[in-house]
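Taken verbatim from TrEMBL:
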BINDING   L9, S10, G11, K21, D65, D94  GTP binding site
BINDING   D94  Mg(2+) binding site
DOMAIN    6-157  domain 'MobA-like NTP transferase'
Amino acid sequence: MAILNGLILSGGYSSRMGRDKALLEFHGVPQREYLRRAIAAYCEDVFLSCRQDQEVDGSWNVVTDAFDFRSPLNGIMSALQQYPDRAWLAVAVDMPRVDSQVILQLVEARDSGKIATCFYNPARRMPEPLLTIWEPAALPVLQRYVAAGTIGPQQVLNNEVISMIQPSDAGIFLNVNYPTDWPSL
């Protein structure tokens, strides 16, 4: 089984929010720091996925987008390419209800024989692409999808043989996209 690294997906532009979602404080610290702490106990290293033009302080391991398309898949593929012998627990930075118990549930259910292990999102009735463990074997599969013009991780999970688990609480999938979403938490 490949060593597991954590990847906080924070390469988006946060245009709907109007400010960097990674720096929003839901739990008394910036969300990216909160997620780093939640993931750290279960991963060898934790990385921040970001665009090439993003500035990040020196306390972070960084995976910079290596491909020319906008999608969380860019960060996931960049991590898999940069560290091809590692599996990656990828989580979107704008999911404030993800905590260490959620991470533990996913890690304990990990099936390294599949390209991905993820939660089933009952509200959307499909796999949750932004809280997923991606195995090293996923890279050539993802490359094939991108070459065919598919740049969303959702389509990959919908069409490939993956391991999918039920969440203990469907509320974990809440993501924060607008300023009005933030105070309601």
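Here the Cβ of each residue, glycine as well, is placed from N, Cα and C on the backbone.
No curator has checked TrEMBL annotations; they are predicted automatically.
Locations of recorded TrEMBL features on the structure.
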residue : record           : CB count, 10 Å
L9      : GTP binding site : 29
S10     : GTP binding site : 27
D65     : GTP binding site : 20
D94     : GTP binding site : 24
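Along the domain 'MobA-like NTP transferase' (6-157), the predicted structure has mean pLDDT 89. DSSP assigns L9 (GTP binding site) to a strand segment in the three-state reduction.
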